[in-house]
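Colleague: Take this structure first; my questions come after.
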Amino acid sequence: MADITNSKPAGGGMGLNIGKILLEGRAFFALVAIIVVFSILSPVYFSLGNFLIMSSHVAIFGLLAIGMLLVILNGGIDLSVGSTLGLSGVVAGFLMQGVEIPAAGVVLYPPVWAVVVLTVLLGAFVGLINGVLIAIFNVPAFVATLGMLYVARGVALLMTNGLTYNNLGGDAALGNTGFDWLGFNRIAGVPIGVIVLALVALAVGLVLARSAFGRWLYASGGNERAAELSGVPTRGVKISVYVLSGICAAIAGLVLSSQLTSAGPTAGTTYELTAIAAVVIGGAALTGGRGNVLGTMLGAFVIGFLSDGLVIIGVSAYWQTVFTGAVIVLAVLLNSLQYGRSGR
Amino acid sequence: MTVQQSIRPEAAQATGEVVMSARHVAKHYGAVKALKGVNFDIHRGQVTTLFGENGAGKSTLMKILSGIVTPTSGQILLDGEPVSFHGANDALAQGISIIHQELALAPNLNVRDNIFMGREIRTPRGVDFAEEERVTRALMEELEEEIDPLTPVEELRLGQQQIVEIARALQARSRILIMDEPTSALSASEVEVLFKVINDLTAKGVSIVYISHHLEEALEVTDHAVVLRDGEMTAYAPRAEIDLEWIVRNMVGEGFDLGSPPASRTGEPALIIEDLCVPDPSGHGLVVDHMNLSVRCGEIVCIYGLMGAGRTEMMECAAGRIRAREGAVKLHGCDVSHLSIAERIDAGLVLVPEDRQRDGLVQTMTVGQNLSLSSIAAFTRGLFTSRKAERKVVEDSIREVTVKTDGGGAMIGSLSGGNQQKVVIGKMLATRPEVILLDEPSRGIDVGAKAEVFKLLARTAEERGLAVLYSTSEVGECLSIAHRIVVMNRGRISAEFDHTATKEQIMAASGEAVHH
Ligand SMILES: Nc1ncnc2c1ncn2[C@@H]1O[C@H](COP(=O)(O)OP(=O)(O)OP(=O)(O)O)[C@@H](O)[C@H]1O
Ligand SMILES: [Mg+2]
């Protein structure tokens with residue numbers, strides 16, 4: 001029997017490993033491929049300046065995608081992030097215009113830091129509603145956040161009457177300047193939005209990899225019953241991920257309205273889908289328990305660099321949509337290859 | 001490791017025609033060699049039993065024979081002709097079906113739909129549900145089980161789910177039926193019914209492969225015994241030549257002993273259950289009916305009972321998983337009834353659940369992450385976990401409960417069933433509990449591992465004063481390490497024995513018909 005045992009393990013093993021590396025690093029290789037192809041097609045694509053501009057576009061999706069990753073790791077979905085982003089921008093814009101207090105007959109102009117804090121709190125509040133509906137009242141995540149998608153968008157439209165807040169620059173006399181700092185300034189040449197994204201990604205990455213909360217999240221996404229019986233506060237974890245997702249959406253809303261120095265009620269429409277796509281391209285499983293921040297960031301960059309590249313070489317917007325869709329389907333296909341096989 | 005008698009096809013011929021055989025079958029998972037060139041024969045109209053430790057490769061071999069896994073090398077012969085299957089349906093079409101060790105049912109579907117999943121009775125006007133229901137009823141009757149075909153599977157107890165899995169395989173009316181630990185959650189009387197069914201089947205010429213860690217039980221039905229060890233076949237013999245001692249010697253290489261109660265220096269009551277009532281999930285009646293029980297520090301208590309006696313519900317209620325209607329659960333005299341599961345674990349009261357796939361393991365995580373899941377606080381320094389401290393916790397647990405794995409980084413799904421069970425026990429022991437409840441802890445683990453688990457519990461009870469409460473449906477296991485045996489029947493304690501009781505006494509008290 002012994003002679004059967006050593007049937008050419010070496011050669012077969014190597015081929016398998018290269019295939020495995022390509023499969024597991026697919027988002028990275030896709031990003032490299034995108035950069036190479038567009039650099040050949042367009043002379044302006046491959047430059048530091050262009051990369052930074054594209055990255056500041058990616059920052060918006062990237063922030064949403066990080067929040068979405070947390071929710072998806074828990075086995076849920078958050079369809080409301082695009083609307084929360086829009087609502088946050090509108091609320092920031094509203095606060096920047098000054099809040100009139102009729103009783104006192106004065107108009108309050110909160111400083112920019114207060115606007116930022118209040119907007120982030122709003123995002124957390126929206127997430128809290130989602131989380132409570134899902135974790136306490138057992139509403140399916142898809143339905144609860146779909147409802148929130150409409151409600152948040154509707155509130156944004158109501159607040160602005162469908163119009164856009166322009167001119168968020170503030171006024172030195174009122175002491176509320178500096179809102180455009182988020183969108184326009186650079187530190188060592190890097191746009192602030194990109195730095196915010198990097199910081200959030202680092203923080204969430206560290207939490208996922210090295211904190212008890214991270215471990216709880218992976219466990220309750222992988223098998224909620226087993227996690228609960230092991231002493232994981234599964235409800236708390238579930239509520240937290242929606243709150244964090246709401247906060248990420250609010251930060252994204254602030255960065256976007258600051259980049260545009262205006263806040264429209266329809267900003268961020270369908271961005272939730274882009275965020276889900278980034279998470280999936282990054283290798284996370286929609287069933288929960290699998291995925292990481294690095295993958296999600298790569299996923300966001302793949303989508304961002306692809307669509308900006310298509311714009312740069314002058315492909316029509318319609319084709320961009322087709323390409324993005326194809327990339328998503330391809331990514332899910334590879335996901336099922338990776339996870340489907342390990343079960344056997 | 002000596003090959004006692006390698007399989008001799010000539011010898012096999014003498015004891016019955018071979019319908020299917022594996023020749024030099026090997027299976028490698030990366031570096032893991034699950035099977036290293038095994039020869040195995042299935043005889044027409046007879047039962048071939050496969051014995052072996054956890055991780056010996058039994059399930060892997062069966063998955064190869066039923067087309068689920070493709071072998072790395074080697075050949076499968078069906079009626080003497082080489083075959084290769086493309087998936088389980090291909091094998092099913094050739095008359096081979098399998099009862100999986102890990103249940104493969106759709107919990108949201110009802111019993112009938114699970115039994116006919118993928119092979120619905122189709123008519124031009126759609127699926128013939130009435131006929132399916134009739135067949136399901138007949139199958140349940142054959143298995144002497146009162147399960148309504150329209151009950152969703154998720155509402156059934158684990159043992160009943162196992163019955164459904166068996167019925168599903170029977171429904172296929174295959175000529176080769178592979179049973180991978182079909183009885184791990186069944187009670188003694190249900191096992192007897194199953195054996196009756198097996199005898200009927202073999203009389204009709206159906207060939208059966210049977211795998212079980214309940215050795216005595218398996219001896220009752222088997223015609224041939226094959227022992228696998230570390231992916232190699234180490235022994236073969238027809239029924240006439242084997243006994244329990246032969247199996248154990250070939251399986252683990254030594255005699256086995258489930259231990260005896262540790263020298264008792266039991267202390268204060270650690271766990272007190274007072275007047276506990278748990279309602280039936282359907283709302284009427286009680287599954288646990290005014291139950292009183294206390295377990296002292298350092299004491300080991302065994303709960304014996306039939307399926308549905310309320311053991312699982314009592315333990316889940318004590319651990320905080322389900323709410324009691326009345327009564328109290330006290331830990332060292334303090335009422336913990338209002339605490340959450342996590343708070344009870346912190347207080348030192350832990351549960352090892354019965355169904356490891358559903359309640360015990362997180363399949364997306366590694367062996368190490370599963371082992372350390374309940375004791376994260378022990379290796380968290382400030383905000384973050386310490387990798388070094390975690391590695392120590394994991395390595396200690398792997399050693400303590402002797403998990404056979406390539407290390408903490410392996411995926412939990414790559415472990416054999418018994419080793420997965422040890423991970424669930426190890427996870428709870430790693431929290432350094434004071435009271436441990438184990439619901440059928442020996443489910444699916446081999447004799448060697450069972451002895452190790454019991455020894456481990458006995459040692460911990462003796463050294464740390466751990467109070468142990470475990471349930472079992474195998475009488476033999478009651479009379480091992482337990483100081484006291486409590487028999488449950490319909491939610492109540494019907495009798496209590498010390499470790500000098502006999503099997504017959506215990507079985508009679510459980511309301512079980514004793515046929516021997
Ligand atoms: N999908 C897989 N990936 C990697 N290793 C695997 C996989 N499936 C099985 N193995 C390994 O193959 C070996 C044999 O496993 P198998 O499940 O056949 O054991 P078994 O004899 O059925 O044990 P048990 O009595 O515990 O059910 C084990 O070491 C196991 O870890
Ligand atoms: Mg097995």
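Using the three backbone atoms N, Cα and C, a Cβ is placed for every residue, glycine included.
Automated prediction, rather than curation, is the source of TrEMBL annotations.
For A:27-46, A:52-73, A:85-106, A:112-137, A:149-168, A:188-209, A:239-257, A:269-286, A:293-312, A:318-337, the entry in TrEMBL reads transmembrane segment.
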Colleague: Would the transmembrane segment (A:269-286) and the transmembrane segment (A:318-337) count as touching if the test is at least 3 Cβ pairs under 8 Å, pairs 6 or more apart?
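Modeller: Result for the transmembrane segment (A:269-286) with the transmembrane segment (A:318-337) is yes.
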Colleague: Would you confirm whether the transmembrane segment (A:149-168) and the transmembrane segment (A:85-106) meet the contact rule of 3 or more C-beta pairs below 8 angstroms, pairs 6 or more apart in sequence?
Modeller: yes
Colleague: Short question: which residues 6 or more past the ends of the transmembrane segment (A:239-257) have a Cβ under 8 Å from it?
Modeller: 59-60, 63-64, 66-68, 70-71, 73-74, 76, 78, 80-82, 84-89, 92-93, 116, 119-120, 122-128, 130-132, 134-136, 145, 165, 168, 182-183, 192-193, 196, 200, 204, 213, 217, 263, 267-268, 271
Colleague: Near the transmembrane segment (A:293-312), which residues from the same chain, at least 6 beyond its ends, have a CB less than 8 A from one of its CBs?
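Modeller: 27-28, 30-31, 34-35, 37-38, 41-42, 44-45, 50, 53-55, 57-58, 61-62, 65-66, 68-69, 201, 204-205, 208, 274, 277-284, 319-320, 323-324, 327, 331.
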